[in-house]
Each structure stands twice: as structure tokens, then as C-alpha cells.
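Written below as C-alpha cells is the structure these notes are about.
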Amino acid sequence: MTAPNILILGIGNLLWADEGFGVRCVELLNERYRFPDGVRLMDGGTQGIYLVQHVQQADCLIVFDAVDYGLAPGTLKIVRDDEVPRFMGAKRMSLHQTGFQDVLALAAFSGAYPRELLLIGVQPEELEDFGGSLREPVRAQLEPALRVALEFLAERGVVAAARDGDAERLAPAPLALGRYEAGRPAEELAYRHGDIRFIPQQPLEDD
């Protein structure tokens, strides 16, 4: 019997506080564990529709994400199979979620759709802090979220082995959690609402 292709996907935007939850989960799994052939970890970031081909190739899809369930900040909620698309479209707070809902729809339309879906989502606390990191209620759910994924895999005979060396990075080194937070500017120096280079400025008045 051929082993299933399993895709473990983290989606979100590291630059917008709790939006980075999904990517941080996959980052930690990659740092700590080695997985058997057929299991792939991917930082999906905000790629949206460009993830279709990866979803089509998966027999089993595990997604980590920050999702507005309308619950208390930091609440971890697990959704499976046919319910997943509904929650990926609930009270959308970022462009990538719209894109990923479309990813699932296109994969289903093509006939190449995962047999199993698992969404491990956390209710965010803050999304409007550009350059910010995870808030404490959300950060506290990283370990529980990893346990859910590892238990789900173990139930299917997929065992993660502890790494004994450095892993190949899924994202550029400066975005690793420790370096990212260490390089965060002080509050009085930072602009937390976006990249000022791309925000329209009021024209200067002539003297």
C-alpha cells in the first residue's frame, strides 16, 4: 500500500502580529522533528491561489492558521474535513484567507482534493500591529497546536522523530522568531500600521 502524501501547511503573515501563528507552528515543527517520506512541511505565507497545486497533490492536509471564530483570544479550535472551507471563510481578516478558501474550491473542482483535512486554528487577539509578534494568549497555543498535529499524524501511523541537527529553513533566517523579535524597533521608533514607504503622504504645503 502506498503511503499517503501529507502536506502540513502554515498560512498567514509574520509581519502582522497574530497573523503569523500558522507559519510559526510549521517553523517549530520543522526545527524539532524529522518526518517520513511523503510528509512535507510548507510555509504557505500569503500565497493564496498559488497553493492550489500543492493541495491537489496531498492526500491529507493539515493547516495551521489564525482564524476569527468569534471566540476569546487564544482559543484553539479544531475543524475537520468538510467543515474546513466554511471556517476559512468566516469573518475573514486577511487576504490570504480569501485566497485559501478559493484554493480549496479549485482543488475540489479539479477532482484532486485531499481525503482528509484538519484545520488547527487559533482565535487572534491582535492583527493591526505591523512588525509585531504573537500576543501571549496566541503564543501560548503554539505547543498545544503542535500536539494536536502530532497526535493526528500518530493515529495514522506517521511518527515524527526528534532532530539531532539543524533543519533546512522554511523561511529566510531574519524571519525566525528569535531574530525577528530581537530586531523589533522600540515603540517610539516604530510605525505599527504598515510600511510607511507605501502609505500615501499628505503633500507638503508651499512656504
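Cβ atoms here come from the backbone N, Cα and C positions, even for glycine.
What you are looking at is a predicted structure, and each value in this text was computed from that prediction instead of being measured.
According to Swiss-Prot, the feature Ni(2+) binding site maps to GLU19, ASP65, HIS96, an assignment based on similarity to another entry. Within 10 Å of the C-beta of GLU19 (Ni(2+) binding site) we count 27 further C-beta atoms, all protein chains included.
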ASP65 (Ni(2+) binding site): tally of other CB atoms within 10 A of its CB: 25
